[in-house]
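Enquirer: Quick one: this structure, given as structure tokens, is what I'll be asking you about.
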Amino acid sequence: MRAPVTPVPLHPHPEVRAKRASKDGGEGTRQTTKRGPWQVALVLLAIALSALFLGVPLAVIFTYAFGSGIGVFWGQITEPSTLHAIWLTVLTAIVVVPVNMVFGICVAWLVTRFRFPGRRLLITFVEIPFSVSPIVAGVIYLFLYGSQGLLGPFLEAHDIRIMFTVPAIFLVSLFVTCPFVARELIPLMEVQGSDDEEAAISLGATGLQTFFYITLPNIKWALLYGAVLCNARVMGEFGATSIVSGAIRGKTNTLPLQVELLFNDYNTVGAFAAASTLAVIALLTLVLKYILERAVRQ
Amino acid sequence: MFSNPFTTRKSVLPGFGITMGVTLLYLVIIVALPLAAMVLKTASLGWAEFWSIVTSDRALSTYRITLGAAALATLINAGFGLLLAWVLVRYEFPGKRLIDGLVDLPFALPTAIAGLALVTVFSRNGWFGQYIEPMGIKIAYAPLGIAIAMAFTSAPFVIRTVQPVLEDLSDDVEQAAETLGARPWQIFRHVIWPMIFPAFLAGSALSFARSLGEFGAIVFISGNLPFKTEVTSLLVFIRLDEFDYPSAAALAMVMLIVAFLMLLTTNLIQAWQLRYAERS
């Protein structure tokens with residue numbers, strides 16, 4: 001029995017799924033089961049449970065955020081500490097997402113275009129942050145850069161401060177999002193194979209030309225897809241950032257931390273107003289995901 | 001640039017050296033070094049101290065609460081996930097695309113926001129709480145709330161692992177079973193279920209693993225009472241807040257070991273699932 005080449009991706013990329021489906025005649029050939037009382041009951045149950053379990057929590061955020069009127073909402077959002085939290089969250093995404101994209105491309109190129117010992121181990125290693133609790137992610141960074149940590153004495157001697165600063169938020173965000181782009185690119189690039197790229201190289205193209213004219217157009221949607229998921233995770237990270245940032249009001253408070261702070265201050269409207277901005281980002285993520293999946297299929 | 005010295009089939013493609021260099025450097029700085037720092041910190045405690053921390057009464061009660069709630073959350077998700085995957089693949093109905101999109105909401109929505117929404121919905125005056133609490137069922141600030149928060153944040157796993165397998169099933173076997181006079185339930189039980197089972201198990205394991213480490217959503221809804229609604233991730237956070245670094249390190253180490261065991265388990269299940277898919 002052949003060992004699996006790559007771990008089965010959680011949600012196989014739509015293009016991979018489309019290719020798999022086309023092998024047995026496309027998705028349209030399946031005979032949908034006939035409609036009977038059982039089927040109707042199952043569909044209704046699924047709709048009801050999704051509405052209660054997924055729809056209601058989403059609805060409650062917007063209801064409470066706008067419940068006291070748009071003016072109050074605006075006042076809460078433009079509160080200086082909330083504005084700063086929004087800025088810091090956006091800044092973190094601007095720094096982390098491109099780095100993760102470059103890393104994802106590197107890993108995917110390495111493990112899909114070359115065969116070497118330890119390849120499987122490397123893929124598993126990239127996936128590790130995905131299985132580690134956000135709290136543990138924060139703790140390991142604390143024990144590296146904190147004053148109690150491995151590099152603590154060295155950093156203090158050179159008067160470098162990383163813990164409880166904005167760079168600590170960047171670092172821990174890089175950790176938690178490590179596999180995001182790679183896991184979208186690896187299965188896709190594995191399926192696509194390297195024939196086109198090998199042809200380009202043998203015709204005299206340089207490595208960079210091959211990448212930008214052959215590889216990138218083939219993976220652009222999957223790359224964007226991974227970036228969108230990565231962005232959602234960066235903006236929403238809570239456990240890990242709450243440990244390494246110190247959650248200093250107006251300094252190192254990201255938006256999710258600001259939501260908790262406002263909630264603990266019994267400022268419900270403020271908490272929901274801040275939360276609604278993240279909920280909008282989540283909805284945008286879902287819409288983009290849908291569009292990208294369609295773009296990939298066509 | 002040096003070329004790949006290990007490859008059996010000489011690749012004409014460039015970039016082995018640079019991508020290997022960047023990947024290893026990144027993994028060492030971002031993943032390996034911090035992990036090693038915590039392992040070293042824990043090792044410096046010595047076995048006796050480590051053991052007394054991780055088997056203290058308060059720690060043991062957090063394991064019980066975390067495992068119990070995660071098990072319940074996984075059960076909820078197993079049922080909900082199987083139903084949704086089945087309905088989304090097999091039936092056409094209005095709003096199907098909307099629900100298919102909404103399924104990923106728990107992964108797109110920050111966990112803290114999910115926690116805030118859930119505690120508001122289930123608190124005494126909340127949309128659900130006002131009907132549920134008079135019935136004597138307490139969810140917000142109770143163990144049940146932890147399970148619900150875990151179930152919400154890991155809901156997509158079972159659906160998204162079972163769905164593609166269900167889509168790829170070929171009609172032939174089902175039609176054969178139908179021709180031979182099998183009832184719909186028998187077809188599901190004896191034909192479909194064995195084929196989706198590995199994926200279902202993989203999804204459930206992922207859901208369970210994620211629930212064990214969940215923090216953001218739980219902080220809001222659990223009420224954080226020691227011995228009652230305190231999960232392990234929360235106890236780690238509390239120990240850090242008290243500057244009790246040895247305890248935080250030891251407990252985080254336990255979580256890390258469990259996470260690695262779960263990673264191993266899910267990888268084994270997924271490898272099995274892949275072999276299963278290739279055979280059928």
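Glycine is treated like the rest: Cβ placed from N, Cα and C.
The following feature annotations were taken from TrEMBL:
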COMPBIAS  A:1-11  compositional bias 'Pro residues'
COMPBIAS  A:12-27  compositional bias 'Basic and acidic residues'
DOMAIN    A:86-293  domain 'ABC transmembrane type-1'
REGION    A:1-33  region 'Disordered'
TRANSMEM  A:40-66  transmembrane segment
TRANSMEM  A:86-110  transmembrane segment
TRANSMEM  A:122-144  transmembrane segment
TRANSMEM  A:164-182  transmembrane segment
TRANSMEM  A:268-292  transmembrane segment
Enquirer: Sort out the residues at least 6 away from either end of the transmembrane segment (A:86-110), same chain, that have Cβ-Cβ distances under 8 Å to it, and list them.
Expert: 77, 122, 126, 166, 169-170, 173-174, 177-178, 180-182, 184-186, 189, 211, 215, 219, 223, 226-227, 230-231, 234-235, 252-256, 274, 277
Enquirer: If contact means at least 3 Cβ pairs within less than 8 Å, sequence distance 6 or more, would you call the transmembrane segment (A:40-66) and the transmembrane segment (A:164-182) in contact?
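Expert: No, these stretches are not in contact.
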Enquirer: Excluding the flanking five residues on each side, which residues at least 6 beyond the ends of the transmembrane segment (A:164-182) place their CB within less than 8 Å of a CB in that stretch?
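Expert: Apart from its flanks, the transmembrane segment (A:164-182) reaches 88, 91-92, 95-97, 99-101, 103-105, 107-108, 126-130, 134, 137-138, 140-141, 145, 223, 226-227, 229-230, 233-234, 237, 240-241, 243-246, 248, 252, 254.
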